[in-house]
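S.K.: Before I ask anything, here is the structure I am working with.
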Amino acid sequence: MGDESGTSAGVPTPRTHLLPLRVRIAYSVGHVLNDLCASMWFTYLLVYLTFVRQLRPTLAGALLLVGQVADAVSTPFVGIESDRDDDFWLCRYGRRKTWHLIGTLCVVGSFPFLFSEPLGRHQSSQEAEFVYYAAFIISLPVWGAEYDECFENLAKRHIGHIGYPKSVLRIKYGAFIKLRIYACTVASNIIVYLVTWAALGVSGADHEAQVGPTDGFVFRNIVLIVVAIGAFFSFIFHLVVRDPSRGGRRESRSRHTDEYIRSLVLDRSHHFVWKDWFREKGFYLT
């Protein structure tokens, strides 16, 4: 009988790749920025556009649709590119973490503009504002896709982050991390609600008044706080987590991990074609 902490048929046992607690926690918070921004997007974007910017409901809804379409288009692109071994200097940081970093920078640099007045402060038509906000919205999906599945369900939001840990961790740790990722998602929604409640509650004496154009600065402050919190957790993720695909000499553990991953690769005949996804129930879940 061999030692349980060894390997069997080239497949590493759980003890061989036990992840430190700090790494597992860093994985868990690596998706917080996306969760915070998603909560702002789905909960308050229409409120801001219709009541604060006073766009027509059709234009506000169209902006939300533009984001969903851009997200769908960018998902396969990011999925393909994040799996490709490029020798570009930036990719030496790690295939998955490079995309995660690019996505983080895209969101931090563009998301605050969605809840701010258009630059210039001059009067413009609603159609012009639509084009202005759409330009920033289109840049966001690149972040979600890689950051996100590198997650496993949103294909894009779920091609960036959960996909990332599952490519390097044993199933045991994948379940551990996913559980905490979902816990962080719930916490992110609560944080956004509390920040918004506090900001709108402090902004005026009349607590019964509806949100209006005068609350523009409140939403700007809310989004800056939310993005700052998310950027902090993304920094922790990049500081603590190492990407096994990063160039350089691999130690014995890395080689064992590669062998284990290769053992999971299916024969080509079992690969999905694009039409097969429409037969999967999970494809229609969000």
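Every residue, even glycine, has its Cβ placed from backbone N, Cα and C.
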S.K.: Do you know which of 62-79, 98-115, 260-277 TrEMBL annotates as transmembrane segment?
M.R.: 98-115
S.K.: Residues sitting near the transmembrane segment (25-47): Cβ under 8 Å, six or more positions beyond its termini, same chain?
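M.R.: The answer is 60-61, 63-64, 67, 100, 103-104, 107-108, 111, 114-115, 140, 143-144, 147-148, 151, 157, 161-162, 165, 177, 180-181, 183-185, 188-189, 191-193, 196, 211, 219, 222-223, 226-227, 229-231, 233-234, 236-237, 239-241.
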